[in-house]
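Colleague: Got a structure here, written out as structure tokens. Questions coming.
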Amino acid sequence: MRGGVVVIAVGALFTGTALAQHRDGVVRWDIQRRQPPPETYTRLRKRASTFEETITNEEARGGYFATCRLGTPGQDLTLQLDTGSSDIWVPDSAAKVCSKSGTEGCVLGAFNPDRSSTFEVVGQGDFDINYVDGSSSKGDYFTDVFEIGGASLQNMTMGLGINTDIAYGLVGVGYALNEAIVGTTQSTSSVYPNLPVNMVNEKLINTVAYSLWLNDLDSSSGNILFGGIDTQKYKGDLTRIDILPTTQGLYTSFAVAMTSLIAVSPSGQDTLTSKAFPMPVVLDSGTTLSYLPTDLALQVWKEVGALYSPEFELAVLPCDMQNSKGYFSFGFAGPNGPHINVSMDELVLDLTSGQAPVFNTGPYRGMDACEFGIQNFSSAPYLLGDTFLRSAYVVYDLVNNQVGLAATDFNSTESNIVPFPSLSAHIPSATSAPDQSQATVRPSVTTPAYAASAGFTDSANVNGSENTAAGLPSALGTAQLSVVGLSMIFAMLGSGIFLL
């Protein structure tokens, strides 16, 4: 089954020519953090060989951003990195949203096709994505020069947001079957070589794989390394675990099997339970928070004394909890699989970019209120977003359909880059988690009804709605958040093992 999937999702997109190394076969893209103005905060965070690039941690916008260059001559745009989608798309400079003044406009840049001599429309009106919060981007598919991390791709297919109310673009690096065009046309024949695949086609890297190092919440930058790993960016063992296919046997999202969760503090530890175990969770850099099933989320909230706020439509807790010595240990692929520890200083986030709100009633009266990095979700697969990913070094191998996981080495200044040697090579320096098939009852990812009848799965766009995985609602849609009675939550306060 997997061999056939590689041909569909990856193999059919290659040029068929020999793959040569370029710059030692890696591309690094740096990512950095920005802090947007308060008025943009709430609306924006509710959306949804090696080359290395720095990416900025723009916490309040709900993701990590980096500067890219498009067209001839080049135009600089700052775009969001997203492992949960698969298209590069940019706002058109003529879009109405870009005419707005101040921070509501396209302050991160917009693309002017009239200024590029290499711009060519290849799918007029075919680009169409709608998000659960009502925002959308529609326009054309086009090809042009795209530069990232020092690498230049001459004929990159991208979406141009002509009618969009989203003021910044994205760089989606997921499976090609996750492209929006697949949902629009309901045909796998529409799949095009997206960024990771095209980097192989143009001999910049040796395989469709990359590693992600977001660094800690207080750090201003991290990076994504295409085509290789950096052994100085993680601690301990790097362990390979299988990516879960859809019920149709296709690979459309980075869903893996989460099999345990333990709360640990100086006063002891609690093993948390859920009827959803073992559960499919999607590793998604485009989602700020992490979302677990309600029965598990309630136990997590109890451990830290979090309560649900109808005003903010999410769980909140005192900001002082960031100083707690407790942490949560996430286990994957059975008892012998990797465990990633996430400390409280990575899970307590500002609710606004200005003055923190204050609890005006209850046991936390007078204390500053912060957002908790673990929220509840009503259906599988669940999401592990940036509040989890900052604590993990993650390698995404789209050819072998595996993910490598290790504990991140926060603020590492050393580097030892190891490229993937070939297209089918496994993750360098990684060992496979033992007994994965025996250790868990393999969870599956739901296939949308129309995709099943058509013989394929689309997780990028189901009836025009962006999804992180097949059958999964948009990551930050509030419609999926279960409102928990405040009396129930208040009764839990003080019973957890995490102390102020």
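Note: Cβ is positioned from N, Cα and C throughout, glycine not excepted.
Feature table excerpt (TrEMBL):
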- D82: active site (ACT_SITE)
- D284: active site (ACT_SITE)
- C319-C370: disulfide bond (DISULFID)
- 64-406: domain 'Peptidase A1' (DOMAIN)
- 1-20: signal peptide (SIGNAL)
- 481-499: transmembrane segment (TRANSMEM)
Colleague: I need the CA-to-CA distance for C319 (disulfide bond) versus D284 (active site), whole Å please.
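Modeller: Their Cα atoms are separated by 25 Å.
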Colleague: Rounded to the nearest angstrom, how far is the Cα of D82 (active site) from the Cα of D284 (active site)?
Modeller: 7
Colleague: Are there any residues in the same chain, six or more apart in sequence, whose C-beta is under 8 angstroms from the C-beta of D82 (active site), and if so which?
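Modeller: The list for D82 (active site) reads G63, L170, V171, G172, V173, G174, D284, S285, G286, given in order along the sequence.
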Colleague: Long-range same-chain neighbours of C370 (disulfide bond), Cβ under 8 Å, sequence gap at least 6?
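Modeller: Those within reach of C370 (disulfide bond), by Cβ under 8 Å and sequence separation of 6 or more, are V316, L317, P318, C319, M321, Q322, V348, L349, D350, L351, A356.
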Colleague: By a simple count, how many Cβ atoms lie within 10 Å of the Cβ of C319 (disulfide bond), its own Cβ left out?
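Modeller: There are 20 of them.
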Colleague: If you draw a 10 Å sphere on the Cβ of D284 (active site), how many other Cβ atoms land inside?
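Modeller: Cβ-Cβ neighbours of D284 (active site) within 10 Å number 30.
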